[in-house]
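The transmembrane segment annotation in TrEMBL covers 101-120, 126-146, 166-187, 193-214.
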Amino acid sequence: MTENQTEVKTVDITTLRSQLTKKNEQYVLQLERSLKEAQVSKAKITSTLEEMLPVLVEKQKKGLTARQLFGTVTQQTQSVLEGPKKDPTVKSPDWQIAVDGGLMVGGFFALIAGITLFLNPEQSEAMGVISLIMNFVVGGLALLALSKVTPDINQPKGKRGYIRYLVVSSLVMLAWLVLVMGTQLLIPTSINYVFPAIMYLFIGSGALVLKWYLKKTLDIRGGIL
């Protein structure tokens, strides 16, 4: 083997299976059958066994069974189908956190505006379309900023970041109010058009449903809520 070549470690599935206890071999057989019924490719089944068998052979020497190590056959099948799980400590990209936060904040404010207009149709200071858009944009950026300074309760007292969080949250809220209220006060209603109440309710509920869908689909982590 030359210096530029790297040794590739192979796993002999047949040899490893011959070393399994009868109970663990039965587990592997059932898992193979379950994966085939789930239409998992042969290559994926092989790679799964290549990962599992060395661990199983080693751990069974200590009296551990496949079920104790990997859960039931059904659970392990589901784990293979879902793929590797994300590290819960790893945050999602900033844009995902901002979109998630913006949809939540904008959605809530749209619902509030819709309910307020519905109860008081003659209200003259209802939120206009530009102010509504600002709530989505500024709200998303605000929650992104807050997510970066969230106190860490695992740190020692005095280093958890509560003061920093309080300062940043105060500044963020102030900037938010200035920008949103500024558009409401300075931009004429001919531009900052006010929708009918039903439109705000539709936008608000749609935004919250979209937030829920994206959070579930993209598995967004690291936001405030």
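The backbone N, Cα and C atoms fix where each Cβ goes, and this holds for glycine too.
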Between 101-120, 126-146, 193-214, who has the most Cβ pairs under 8 Å to the transmembrane segment (166-187)?
126-146
Mind checking which residues reach the transmembrane segment (193-214)? Cβ under 8 Å, same chain, six or more beyond either end.
96, 99-100, 103-104, 106-115, 117-118, 121, 126-129, 132, 136, 220
